[in-house]
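In Swiss-Prot this protein carries:
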type	residues	note
REGION	46-138	region 'Disordered'
COMPBIAS	93-103	compositional bias 'Basic and acidic residues'
COMPBIAS	111-124	compositional bias 'Polar residues'
DOMAIN	140-199	domain 'SH3'
REGION	202-246	region 'Disordered'
COMPBIAS	205-214	compositional bias 'Pro residues'
COMPBIAS	215-235	compositional bias 'Low complexity'
């Protein structure tokens with residue numbers, strides 16, 4: 001980068017810084033108009049300031065840095081502070097006509113003693129710039145990039161790294177500068193110095209399952225069944241023997257006597273009744289004796 005391109009690079013940074021201060025309400029827009037009216041870009045063809053394309057890792061020649069970092073990282077510099085002080089003094093009623101700085105190649109315009117003291121006193125009265133909110137760390141996805149070249153990180157807030165290191169991307173500040181983390185350190189780095197890894201979209205891991213409580217194992221079904229103590233009962237008495245059925249005596253045929261034989265008929269009746277009584281008494285006595293013997 002030659003001297004003219006470097007001056008244009010610094011002037012563009014001043015424009016960006018003052019635009020940020022105007023948006024935050026620190027200075028009036030008239031100060032920004034004064035900067036545009038009095039600080040011009042250098043004439044002549046200027047090389048493009050866009051970020052160059054990334055080269056393979058094997059190349060040892062580092063790429064030129066892209067355009068100036070975000071205005072959040074680099075606030076108003078020495079030249080911006082001087083112009084802001086002059087703008088504030090004009091708004092407070094103190095009219096001054098700034099002199100046109102001499103355009104010397106490689107040498108900035110010198111400041112007078114009174115102007116330097118005025119700048120110091122005015123900068124002390126300026127309110128501090130608002131703090132830049134930190135990156136949102138609650139990412140569902142994490143981007144990882146691979147460093148293609150060595151980046152020393154010359155400025156405060158830069159994230160230095162070496163070629164081959166893996167960086168976690170926290171925020172895309174703009175198209176040219178990203179914010180990342182490496183070895184516990186956060187900072188910004190040029191996006192054309194790194195290459196996005198294919199497996200960078202790593203989803204957040206689900207929370208681990210709750211610890212399981214250890215319960216005693218259930219009793220196996222093959223265990224022997226529980227034995228119950230049976231109550232001993234007194235032995236039962238032997239059942240009574242069944243009563244033997246004795247065959248009945250065949251019924252005697254009834255003889256019908258003729259009416260003429262009256263005497264024989266009555267005799268046969270007496271004999272038949274006697275035999276029946278004897279049979280009944282004998283059968284009953286035998287059954288009764290057997291029943292008494294079985295009981296005792």
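Backbone N, Cα and C define each Cβ position, glycine as well.
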**Message:** For the domain 'SH3' (140-199), how many residues does DSSP put in helix, in strand and in coil?
**Reply:** 3 helix, 32 strand, 25 coil
**Asked** For the domain 'SH3' (140-199), what's the model's average pLDDT?
**Response** 89
